[in-house]
Structure formats: structure tokens, C-alpha cells
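Annotated features in TrEMBL:
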| type | residues | note |
| --- | --- | --- |
| REGION | 1-23 | region 'Disordered' |
| TRANSMEM | 103-124 | transmembrane segment |
| TRANSMEM | 155-178 | transmembrane segment |
| TRANSMEM | 198-224 | transmembrane segment |
| TRANSMEM | 268-292 | transmembrane segment |
| TRANSMEM | 298-318 | transmembrane segment |
| TRANSMEM | 355-376 | transmembrane segment |
| TRANSMEM | 475-497 | transmembrane segment |
| TRANSMEM | 503-525 | transmembrane segment |
| TRANSMEM | 532-557 | transmembrane segment |
| TRANSMEM | 563-580 | transmembrane segment |
| DOMAIN | 728-789 | domain 'CBS' |
């Protein structure tokens, strides 16, 4: 937990009457010493045009909402990240003592790190594609060879068996090693960049499973992509480098200690997520825009420049490696590798009729996208009941979906008619080998199976076939309808299984299919190629599900190398997003809500305007004196999960009670471990702390490595001694007056990336602090728990 809230096991007794004067207290003395936070008002009147309505009676409660969330399929505690710059005596001394050489070293290291992130993400992206193309290529060649020998049932057993083994392997490593690696990973990265830190989201084990689980899952023929997991992979690589490696796996670098704070890690992980998109789509500018539009909650010009540099490095690495593979040294890695659908040979000329067709495509994309998100939400909720039963059930679910997918991709092409090869075919027909537009399947020589050309390929090759130009007659309408229905349904049921899985490819596949259907239907009145309609269909479905516009537009243009389509892609994205927004939220936003992540939106909810900061502060509040008894600190740390404590000086340390600032739990633990205690309660100069500790001693540890109160032991004599908290107290925390509107406080909290926002009284003569606002205090569950009569629409 982040601030002053008690866990459910430590519910407070009823709030005591407010006491003035002695603001600090001995926690061990009596339960009556718990102090509830003062609230500005216990009842508010809600107004409308006709005057006051019923009062918003506040329930007395502690905040216990949104403090756990689903990570992978497991319920885990949630912490907040702290982007605030701590200003205490120790940090100030460190700033003053830094020489130009150290500042230069820091800047060089930062640029070196983003270079490393780009290199590593590019290499991983290439390795993923290389592995998928070779594993899937071997599987498809084996099946094709058996089919040429008319051994159809053996071919199905080989095909389904390979898929089953690959799927079970992916599910096993995901379920047993890193459950957090399941799914896309984009919602988790988006939540992290919003300030939410959940267990193992970016751990080295998650990185390992994300890479190999994604390879196995995509090779298993599932209707999923490796693009979403690549974003998570890039973020994991950035986190691993930014925290100086991993002690657990003996991969550490002391010279990276400069970045042991949430602010620098946030910047690096933003670069990592952009690099992931660049590696997945070969779209460096699209990667930057994806990080800006979808992933990051905080942005600035310096970060834009660093992110652009990272994605440029990725692009150079991929270009070099693909050039190497064209020499035939990469096995079966061919055209299907890094998806690149070059449509630039087709010169689009469009008229008024085409614009009408594109508007229709946008409306279809919005409706299908809204429906997709609605159904996906229901399916994920159903899957959660299966996944929470344990790893064997996760693997069983994955195997079941694998069998269904194999049966569809092998069985459905038998329903399609055999089509004679076109005389003017650009490519070889029927295709001999693993990839191509014209799959022979069970057809006689000189014929091809259109449905097999889509199903019996890697997903990247299927998209290439749909986007291909000059193939108006290649696919029958029945073929496209069957493929769209199958992909739409399989995409829905596949996403929730325990395998790293992205939504980009299923959405592009389904969108390109109905785009081609519309293009074929409107062929007589439209001059546009069906391949271009497929591109616009993919754009409309992406806009309808993910609600991204600028980044998707640029990614698709970089993918297809077709700048002339820019106005049409923009139009179709805007229409589909507008239509879909009237139904529900974007798919990643829905998943964040479903997982219980306390995500802060950029805007405040309308009902927050009717409340003030003091209304939602929940008690009890625990504060320390500037010179505090060790036993009090230890007891507070043991019985609460709070991460921030107000420090208040009272006479004789000051003339009147005054707020010194805020001290962090992690800093208290480091100070207690140093055991610089005193026998008398006197304020010191802080020289002991400044001599004994450096700023790096208080730097944030990597995930799971920080000090815990259970690690420290104290004698009875030490527990009765005192420690001066002034040198480690942040003397300039952000504060708001208790009468500030909650809407304004919420915008301030998110804009500054805070973990704690102190609420101070408006009138003199009261204790100098009312309470602390944390992320959870702005959550709708907490606010509506306090004010049940508050309507969300107001």
C-alpha cells in the first residue's frame, strides 16, 4: 500500500475525538492512540437545477479498494511508483557535491543505455522471427509432404501433434515460471508507466518466458501475434538494464546505480516499449508514436528524442540482419519473416464512390471492434475462473484451444472448392514449399485451395496474401466469409490462455478479410484494388478495438510502404474509433480495469467536482516526530504497509506544531539498519547521517530486493532510544489545502506523477496535517464506498 491506509487485518477502532496539541504519540501505549483523519465535512448536499437534493452521507471507512490486482492469472499486491524528486539534507548534499565529470558520466550512461535497449530489442525481435519462421516452416513442410503422398490423416496427426506439443510447452513455462508473462503485456506496461508497480511485471523470468513462450505460441498456429509481447519484452529489457541487472541471476553492473530511481526507469521503459513496436513491425516512427499515444502517461521533449534514437537503432539492427538472411543462411527465414507488406507498386486513385465505401468500412470496423471488446471482456472473465484453479488447468485450457485451432485450420480448407490457377499469376501456382499465395492442399495439379492459402500459412504470410495486389479473383466470397468468422472467433477464445499473445495480428487478419470482402463486393463501382481495401479494413478494425489513431496510421504506412494511402487510412481510423467509443473503452483499457489496476486517467471524473480533498482522506493517520523513539517507528512499520509517513515537529523541537515533511518507508529502514541512535530526544545537526550514508544507500533497489522490517533486529535498549529523522525527511512534499476540489487534486496528482499528496488544514489551530491522498483515494470504488448516493454521471 502507498500511504496511510491500513490493510484489512488492521482495521481501526472508531475514530476518536480530534485532539490538538501533542500530535505525535506512542503507538504501543493504547489502541485509543489511533487517530482518524479529520474530514472537511461528514455530509454534503448534491445540487441540480431544482436546488439541493439528498445529502451525500459519508461512510466512515478505511480505504481497502484497488490494492490488489490480477497479474497474469494470480492476484498480487499493488504498489505505486514514486516519480517525485525527494529533497532532503542527504540528497541536497549529494547534488552539491556532484562534479561536472559525474554529470557528464550520467548523461553518457543514459544515452548508452538507450543504445543498448535498441540493440537488445532488435536482436530479440529478429531471433523471435527467425525461430518462428523455422519452427512453423518445418511443421508446414512436414504436413505438405505427407499430403502430397495422399496421407491426409497422418498429415493431420503430424500437424495437430506439432501444434499440441508447442502449445503445451508454451503454457507450461508460462504457468510454472512466470504467470505474469501471459497475454499481451501492453496493459501491464501501460499501467507501469502510469505509476503502478505489480509483482514480477518486468522481472527477468517474465522476460525469458515472454520471448520463448511467444515463439512457441506463434509457432503452434494460434491466432495470436508476437507484436504485443514484443512491447512487453522491450520494457523488460529496459528494466533489467536500468536496475543494473539482476542479483538473483548474477547479472549485475554497479556502474548502472545512477538509474536506481523510478523516474529514470520510467524513461527507459518508455524507450523499451517503443523499441518493441519498432522491432515487431519494422516501424521506428510508429514505435515512438505508440509510446506517446498509448503507453506513456508522462511525456517530455527529451524523452521523445531518446525514444526516437532507440527505435532508429532497432531499425538499423533489423535492416542489417535481414540483409544477412537474404543470402540464405537463416534456414527457412524468408519473406514471411519480419512482416513487410509492400503495396507501393499499386497506385491508388480514388473517387467519391471510394470515399463512401471507406466510410462504410469505418462504420463496420467500429461496430465489429466494439463487439470484439465486449465479447473479449466476457471471455476473459470466464477464463479467470479456470486459470485461478492452478497451472494444470491453464495448460489444459491451452491444449483445448490448440486442438480447436488445429481442427479449424486443417479441417475448414476441405470445405473450400479447388480453383484453377490463374494464367497471369505473378507467383508460382500452386505454391511448392511453405509460403505463397496459392496453396495446393488436397487439390489436383494446376489448382489451388483459397482457404488453405490463408489458414495453412503463418499469420504473417496470411496477411501478406490478403494485402497482395492484382489478386481480385484469388479468393471466393465464401472463402473470405469462412476465414473471417473463424479468425474473429478464434482470436477471441485464444487471447485469455496462459501463453504470451498479442492482439495486433488477429485484429489485422480479421480486418483485412472483411476489408477484402467489401472491396470484392464494391468492385464494379470502385477503382481501388481489393488489397488496398484489405489494408483499410485492417486499419478500421485496429481503430475499433485498440482506439489508437496516429500510431496505428503510421505503423500501417511503414508496414506497407504506401504513403499515398495516408488520407484514406486517417479517415477510416477516425470513423471506426468514433463509432466504437460510443460502445465501450479500448481493449487495453478494459483489460486494465478488469485486472483491478488502479489506473489514473488524464482527466478527472465529473462527480469529483462535487467533493473536496478532505472528503476522501481516510484514516487512521500515523505520523512521527522529527526526533522519534525507535520502538514507535519499528512498531508502525511492522503493523502497517504504509510507504510514507508525515513528520511533525512539536514543542520543544519547535515553537508550535509544524509539518516538517514526509519520510519514506524505504529510507526509514536504511536509517534503522545504520543504528545511529541517541539516548536523548534532541535535534542533531544530521552530521552522523551525512557521514555514514551516501545518496546511493537510499536509492531504490531492484524488484524484490529492498530491505524489509523483518530483516532488522533490535535490542530492548535500542527500542527505547531515539533517532533524528530530519536529515532523511523530504522537506518539500506536494501539499494541497483540504478544501481543494477532488477533481483538481486528481489532475495535479497524475500530472506530477505523485505517490503521496499531503492534505493540510485550511484553518489555524489544528494539527498541521489532515491526511495523505494516495492513488487509491482517487479510485471510483473508494469514492463510491464513501458516498454511496454519488452518481457517476454527475
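Here the Cβ of each residue, glycine as well, is placed from N, Cα and C on the backbone.
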Confidence summary for the domain 'CBS' (728-789), mean pLDDT rounded: 91
Two-stretch contact, the transmembrane segment (268-292) and the transmembrane segment (532-557), at least three Cβ pairs under 8 Å: yes
Among 103-124, 298-318, 475-497, 532-557, 563-580, stretch most in contact with the transmembrane segment (355-376) (C-beta, under 8 angstroms): 563-580
Tertiary contacts of the transmembrane segment (298-318) (same chain, 6+ residues out, Cβ under 8 Å): 83, 110-111, 114-115, 117-119, 121-123, 125-126, 193, 266-267, 270-272, 274-275, 277-279, 282, 284-285, 287-288, 291-292, 338, 753
Same-chain residues near the transmembrane segment (475-497), Cβ under 8 Å, at least 6 residues beyond its ends: 171, 182-184, 222-224, 368, 372, 375-376, 379-380, 383-384, 387, 394, 397-398, 401, 404-405, 408, 412, 415-417, 419, 450-451, 453-455, 503, 506-507, 509-510, 513-514, 516-517, 520-521
Secondary structure composition of the domain 'CBS' (728-789) [DSSP: H/G/I, E/B, coil]: 23 helix, 12 strand, 27 coil
